[in-house]
């Protein structure tokens, strides 16, 4: 353990010495492109041989292509006043907000609910029809002009139909009651 502590202390001392007395001069040099004899840009269909691993010496007589000079960004993608190209899919972009969605259509007018009555039977007595209707566990015996629970009014009993008016909306509904026997 003693030797291990000694090695770690030596490494700490070396690190502290380098931190205090090492070269602290800033590297302010800016890499500039090297100007070379302009041989012109390579042809559009020119392909360059791929090199892998260690650089191989070419047995060809033609030289390897030069590195092209850097071009300003504005010439490549356009500056602030560059015209927008209409070629391609993603070239145009609009920053204006999209138009508001069209207004929703007005709600449909209210309609009467389906009839809550089930037909049980009918009878004619003294020329006046009586119809027996079931509403849940209740039974109603109705004649013309009768009002059921203040919601439905019996307008006409003319077999095979019974005409009712839904009073809150004044809508007429019919119920089939069968033919007169």
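From the backbone N, Cα and C atoms, a Cβ is placed for every residue, glycine too.
Bear in mind that the values here come from a model prediction, so they are computed numbers and not experimental data.
Pulled from TrEMBL, these are the features on record:
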COMPBIAS  48-61  compositional bias 'Polar residues'
COMPBIAS  96-115  compositional bias 'Pro residues'
REGION    36-63  region 'Disordered'
REGION    88-115  region 'Disordered'
SIGNAL    1-19  signal peptide
Completion exercise
In the same chain, residues at least 6 away from the ends of the compositional bias 'Pro residues' (96-115) whose Cβ sits under 8 Å of its Cβ atoms read 164, 166, 169, 171, 173, 175
Practice task
Using DSSP, tally how many residues of the region 'Disordered' (88-115) sit in helix, strand and coil.
Solution key: 0 helix, 0 strand, 28 coil
